[in-house]
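Visitor: TrEMBL feature annotations, pasted as is:
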type	residues	note
DOMAIN	82-804	domain 'Alanyl-transfer RNA synthetases family profile'
BINDING	HIS659, HIS663, CYS761, HIS765	Zn(2+) binding site
COILED	813-847	coiled coil
Amino acid sequence: MAGTLYFHFLHLQAFLPNQTFQFTQIANLRSRLALLQEPYKFFLPVSFAPSIMCLKKHWACSFVEAHQPVTEQSTEDKSNDVSGDSIRRRFLEFYASRGHKVLPSSSLVPDDPTVLLTIAGMLQFKPIFLGKVPRQVPCATTAQRCIRTNDVENVGRTARHHTFFEMLGNFSFGDYFKKEAIRWAWELSTVEYGLPADRLWVSVYEDDDEAFAIWHDEVGVPVEHIKRMGEDDNFWTSGVTGPCGPCSELYYDFLPERGHADADLGDDARFIEFYNLVFMQYNKKDDGSLEPLKQKNIDTGLGLERMARILQKVPNNYETDLIYPIIEKASELANVSYQHTDNRSKMHLKIIGDHLRAIVYLISDGVVPSNIGRGYVVRRLIRRAVRTGRLLGIKGDGRGNTDGAFLPSIAEKVIELSTDVDVDVKDRAPRILEELKREELRFVQTLERGEKLLDQMLADALLSAEQNKTVPCLSGKDAFLLYDTFGFPVEITTEVAEEQGVSIDMSSFDIEMENQRRQSQAAHNVVKLEVGDSGDLAEDVPDTEFLGYETLSARAVVESLLLNGKSVIQVSEGSDVEILLNKTPFYAESGGQIGDNGFLYATKGENQQTAIVEIKDVQKSLGNIFVHKGTIKEGVLEVGKEVEAAVDARLRQRAKVHHTATHLLQAALKKVIGQETSQAGSLVAFDRLRFDFNFHRPLLDSELVEIEELINRWIGDSTLLQTKVMPLDDAKRAGAIAMFGEKYGEEVRVVEVPGVSMELCGGTHVSNTSEIRGFKIISEQGIASGVRRIEAVAGEAFIEYVNARDYHLRHLCSTLKVKAEDVTSRVENLLEELRTTRNELSSLREKAALFKASIVANKAFPVGTLKEIRVLVEFMDDTDADSLKSAAEYLVDTLQDPAAVVLGSCPGEGKVSLVAAFTPAVVDLGIQAGKFIGPIAKLCGGGGGGRPNFAQAGGKKPENLSTALEKARSELIAVLSKKAS
């Protein structure tokens, strides 16, 4: 290294003998000169050498002028615009000028079953890295929106952790590799962004001598600024098996004055990693051995927030222009100044700033709060933001309305900043804000229930401490229950508990938190890549040519046969088989539409059939290969044979009808309940259609009627559909609706019902709306928070549905002896008669129970010496639960205070009812009905609880009731004798 740089030092001095240079400046200059010459060295004629030398000299002179005197500021001011938007734009332009295709960020909802959310920039290119789909471009660059929640507890506490972040990346798919990736990363950092070379450090994998040599010998990084690191830090793997390789990272040094001795790149106070280069060059096999990949790839990631922190010279990522405006908005609502508040409040403001970005972009990409999957992620983030706002003292909407919500106000700032991140966010703003408001107000109610539970837990802790002569302490398990189930922050739990003299077992709380963190991390933060038989298959079998838009039958050649997942040459009668054809009229399941059914006929000579295959399903695999799944009904099918592929025309027509009806349904929903509603999923089947959409309430009957009338009117208009293929951008500009989370190529198919609907869709459709014949909604229901589902029928399925309903109605009319128009009133009368009869029966049961209670009241016996307490424990035969409750209330009133009553009954086969009623004087002794009845009910195979003075329980083992009542009697005598003597 020293010799190489010394050579360049002498070379520069030969040009400029009167100048003096620092060693690190020469390193920086050397890399720039090399980068200039490198792209041309293979094709410039020798005669161009003097020109290059002159250009080098000119650059050297410019370099000297820029470094007189040498200051950090002069190196960094490559551009005055260091905004987050500028950093993103300059990154993309830098790589676009080097032959990279600029591609849009994919959705936060990935088209990948192995991950919950998009957690890395490389995720959309995973099929290319695996070799499952061919590359469309040799190299690409993106600014990818990402979500990671495995380190959510560190958000706001460290300078760099986030749930939402942008990863700027450049990717090579078998094009360039290590040398170019390293040199461009250095040029981007030192030339484009103007970072001083002496502040940059590099890590390489401990065995990657090639990367080390490029950094040192070609780029000119000093040896003391390159760290070799182990497998845990600098060797990237996608999983137990699959693509992997060494990686190299660029770090920025905030404290260069500390020197290089004992420098630790893991020291967050001094260093920040901002650029990671993954050299995907191996495939890790099952035995752990590494084999070179046929196609070496590059996967990089530069953290936008981290680079913004460096260039904007702020102490943490949160104070960059990407997040700080959101923090300022939260500060305004909390009535605090971020710059002048304490560190604890700053942390809370950072949490809100971070979480609101994640929440807004998740909801924009179609994720709605729920208790499962992605919906649970966004719900937890919303709740954490609400809790944090309460810690900051934000009440209601922060503007005086105590019943309002404050998150929408902050979200408006996120939406305002979203223009260069995702242009669709502003269009979806009404739905985002409404979803946030609804979820926040719902959670506030949950939070209030948590406060009530905390009060009960603290009362129990104080009582237990008094009885056991110990220090009051709330268990970590209880604190975690409040946190996890009710979203109650442990900080509030601690503050409230301390006010009442109760401590928190934080060690056990931390254990519960760690268990949850490990589970979350294991489940959500790994991108799985595997190279196996499917990868080989992709190379051997070309994409399937789809003919199904134009025809329902075609001649095709059998390219491959799979039996139990294994490739075979032939398959005989009775076997279930997967068949790959070179072309097919069969539609493969996608876009919600199920695959076609039909037959394959293999022939020999003049119409002599050798095999018949029934196709029951068709799926897409490995990109665009159609897998026909079926059963050999006759003969033997062989690879290479020609077949006649015939789609079941009747079933295809039913699918076409339902698919077009789905488009009409979405158009009708937007017209009736609002344009902000959007598709959240669909199913287009032969017998029905299913459409999921984002909406916050059930649809009114009148709205459902209006939707049906609209659709049936459009059907009756007999409108010809128009289908065309066009560039994606042109389709969007024309107003075509795209499905959230769906991946589209540069060319898309647009299906339009003129004047009604225009959608991006690859499915099959009718030619004219009149083919749909009729449309009927079967059901409308909620399937998750903020997500509704409509099921409907159309076409032939509509006729079948109407005929079936007519049959049942005629049968009902016959049974009730009424006309069809009188069925409703007749049923209502019968229901009213039934309610009256049930009420009369219930009244009689209650009277019978009270009569039994009056008889057994004299069986009460006294317990205690200082205070005589009347106790009654009795079996009440088959008295139902409501009547048992009335009997217990009657008895405590009759026996008067102090009294304790426990009753049990068997109201039906396999059923037990229990009730405990204690008067105030008994409760004052520390005996609570809710806690007393639970263990008793367990003896009968059940459980229950309630208030301190009254509780009910149930069970499934009537044979144990007498034992349970005896236990209740003995325990009451024991505890009351002790308390009242």
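Any Cβ shown, glycine's included, is placed from N, Cα and C.
For each feature listed, report its degree of burial, its nearest neighbours and the pertinent distances within the displayed model.
Guide: Confidence in the domain 'Alanyl-transfer RNA synthetases family profile' (82-804), given as mean pLDDT, stands at 89.
With a 10 A radius on its CB, HIS663 (Zn(2+) binding site) counts 25 other CB atoms from all the protein chains.
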Visitor: Within the same chain, and leaving aside HIS659, HIS663, CYS761, HIS765, name every residue whose CB is within 8 angstroms of the centroid of the CB atoms belonging to the recorded Zn(2+) site, in sequence order.
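Guide: Apart from the listed residues, the neighbours are LYS656, THR660, THR662, VAL684, VAL751, GLU759, GLY763, THR764.
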Visitor: What same-chain residues, at least 6 away in sequence, bring their CB to under 8 Å of the CB of HIS765 (Zn(2+) binding site)?
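Guide: Listed in sequence order: LYS656, HIS659, THR660, HIS663, LEU721, THR723, VAL751.
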Visitor: Starting from the Cβ of HIS659 (Zn(2+) binding site), draw a 10 Å sphere and report how many other Cβ atoms land inside it.
Guide: 24
Visitor: Output, ordered by sequence, the same-chain residues six or more apart from CYS761 (Zn(2+) binding site) with a CB under 8 Å from its CB, or 'none'.
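Guide: Long-range Cβ contacts: GLY591, HIS659, HIS663, ARG749, VAL750, VAL751.
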